[in-house]
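Following: one structure in structure tokens, then a few remarks.
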């Protein structure tokens, strides 16, 4: 690199990328740049609350455009990579994005954008002053880059970026309930990250590399004497904890109902899905032989997760905690797709992840409006909100149908794929549980809907009694709040009516996981 | 050298888990910190222990003149230390505020987010 | 904590530590040191000042809110990766320049600016945490 006199020249071509990169390929770092720069500028502008929402929404809009650009580029031109600092892979940290990563990034940034718009009116003033938007942007830096990176240690780093920003979001407002929830959330997620890092340490010790493409090559060739069982088990434990899978899911319903609805919406929509994405990436792409070995185990986890989520949703009285359990139930369906492991099963799981991101975020936003109108989240104290806002009732009913995977909404097609894959694979009982928990979810969310909107007043009061609505949504906020909720609801409906584009993306993502040849060639071929 | 270090990693993990099983938030916090150090030491050991010089290139050279230790595990550990340190700082503030807000540092007595004796949803309308 | 001896010596100690932190930061490019450790030293300097004189004087002395400093550092560190993109090289590639300042060749690289950014981020966040802990003790 040194051209100046006095420094001996060395041949750098054996260690560094020398060919110039195409200008358009630079779009792969655009999400990193946008989220970090906007997050940092918003942090500096904390004292000016009036700049927060416009700047934050502008940043999220740019992020959505950038991820859409990456997806368009990846769909037409195959996986896109860049290795930071010009070091040749596997020496440098590689960003490598295939259809799976790009579509996850796009859906998550769309969800974050809508929630960002909602939050511009939905937040209490103290929260916007203490930095909802900076933390949201920094959290999106973690989320998006986790989807884009091609280096497993770098994935850990982005996980932690996401985590520390989400800590900031969960304690915003500083109520006692939030502190309590934040402690549970923080300690257990740190523990999960420690398991992830332990597994990565073993993996590095055994293979001497952290580059996902090279790990995939080496593990397909087989490494004698490698503790691959231990590593897989630790990854399943660590990512399973992040994704809120069955035996390690209890932190989620204990904490996700405490932050503001806007923060809850991004948490429920995005964070657990990053864990699910990491499971897909490590188990299917990096360690395919181990996935077959852990097949039964993963199936058991998936069944446990689905049942826990659905039964938990049946047994709770707080609307937002019910939603927390519904998130878990959705994770179970994604894990079922993962456990089946065929192209169709994986595509179903990935499709369900997209659906769950959109619908769960929308339900949390709806819970925010319900809380504002009804003054509570408790099913025992709510009632008669249909009279207060038929529009909210309609949107919530649509979302209830969608989360129960009824046609013609987005969840239906994903569940069809997973169920069919399970039947083809000869696991009719798994298909039965997927459908059965769908019924339980319909019961739980439908009962919540009828108790919140249809009955006259809370339990104890005579039915049909005039219900005075304690809260009100100011007229100037209505357009933004209902508009953003309606946008997510419409997305679910449109995906349900016209599923083929997203389904093609999910299928391409699953195919890329099962056969990473293109991914590997992009990482190593692009450099030479 | 790997043997004793592996044993030490085991001791670290054991004491971290023991501390995290405790009821007191401060002990859990200490457990999390020891766990982070256990993982760091594990990466260090997994990255092979050698008797080479540190990977620092002398001023008048562009490449190291003799074999050096592998710098990558050290870079990984440094990153992990930075992350665990910032988490420790955050958790310390969080636990302190929780202690002030809830008046207790016993996890068994923290019931703000989850009411004890979970209320069941209404059975009818 | 704030004895006479400590209060008398704290300003000098703080000044020395901040100076040393900058030295460590700049030394870090070719020798042990760097932005992270430099930022930690500077943050502990402000923490010492805070223990001796209380938090408000530290906030006044810093002029900017610590989180604002951290944000600025993040901007600097992120932008340090951009020039290489413009030159058609991958993100974060170190670019070097060797301008002569007072007849002495000084090696400046984008990596130095990245390190300065890290320094400011660490300084800002750790000072912010330390100050908020000190505030609550009183």
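Placement of Cβ uses the backbone N, Cα and C atoms for every residue, glycine included.
Summarising the annotation, TrEMBL assigns domain 'NADH:quinone oxidoreductase/Mrp antiporter transmembrane' to A:151-437.
As annotated by TrEMBL, transmembrane segment applies to A:26-45 (among others).
The transmembrane segment feature in TrEMBL is assigned to A:57-75 (among others).
The transmembrane segment feature in TrEMBL is assigned to A:130-149 (among others).
Marked as transmembrane segment by TrEMBL: A:155-173 (among others).
Listed by sequence, the residues of this chain that lie at least six past the ends of the transmembrane segment (A:185-204) yet keep a Cβ under 8 A from its Cβ atoms are 152-153, 156, 159-160, 163, 166-167, 170, 210, 215, 227, 230-231, 234-235, 237-239, 241-242, 248, 251, 254-255, 275, 278. For A:185-204 (among others), the entry in TrEMBL reads transmembrane segment.
The transmembrane segment feature in TrEMBL is assigned to A:233-252 (among others).
What TrEMBL lists as transmembrane segment is A:264-284 (among others).
According to TrEMBL, the feature transmembrane segment maps to A:296-315 (among others).
Tertiary neighbourhood of the transmembrane segment (A:349-371): same-chain residues 100, 103-104, 107-108, 110-111, 114-115, 118, 122, 260-262, 264-270, 273, 276-277, 280, 319-320, 323, 326-327, 330-331, 333-338, 377, 382, 385, 389, 392, 395-396, 399, 402-403, 409-411, 413-415, 417-418, 452, 471, 473, 481-482, 484-485, 488-489, 491-492, 495, 499, 502-503, 506, 509-510, selected by CB-CB distance under 8 Å and a gap of 6+ residues from either end. Annotation comment: TrEMBL describes A:349-371 (among others) as transmembrane segment.
Among the features that TrEMBL reports, transmembrane segment is placed at A:383-406 (among others).
The transmembrane segment annotation in TrEMBL covers A:426-444 (among others). Remote same-chain residues near the transmembrane segment (A:426-444) are listed as 299, 302-303, 306-307, 309-311, 313-314, 322, 325-326, 329, 332-333, 336, 339-340, 400, 403-406, 415, 418-420 (criterion: CB distance under 8 Å, separation of at least six residues from the stretch ends).
Annotated transmembrane segment per TrEMBL: A:479-498 (among others), in sequence order. Non-local neighbours of the transmembrane segment (A:479-498) in the same chain are 110-111, 114-115, 117-118, 120-122, 354-355, 358-359, 361-362, 365-366, 369, 391-392, 395, 398-399, 402, 407-413, 473; each lies 6+ residues outside the stretch with a CB under 8 Å from one of its CB atoms.
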- Message: Restricting to CB pairs under 8 Å, which listed stretch, A:130-149, A:233-252, A:264-284, is in contact most with the transmembrane segment (A:26-45)?
- Response: A:130-149
- With the cut-off at Cβ under 8 Å and a gap of six or more residues from its ends, the chain residues touching the transmembrane segment (A:155-173) are 39, 124, 126-127, 130-132, 134-136, 138-139, 141-143, 145-146, 149, 179, 181-182, 185-186, 189-190, 193, 196-197, 200, 242, 255, 258-260, 263, 266-267, 271, 274, 278, 281
- Message: Pairs 6 or more apart in sequence, C-beta under 8 angstroms, 3 or more of them: is that satisfied by the transmembrane segment (A:296-315) and the transmembrane segment (A:233-252)?
- Response: yes
- In the same chain, who gets a Cβ under 8 Å from the transmembrane segment (A:130-149) while lying at least 6 residues past its ends? 28, 31-32, 35-36, 38-40, 42-43, 46, 52-53, 55-56, 59-60, 63, 67, 70, 93-97, 101-102, 104-105, 108-109, 112, 115-116, 119, 123, 155, 158-163, 165-166, 168-169, 172-173, 260, 262-263, 266, 270-271, 274, 277-278
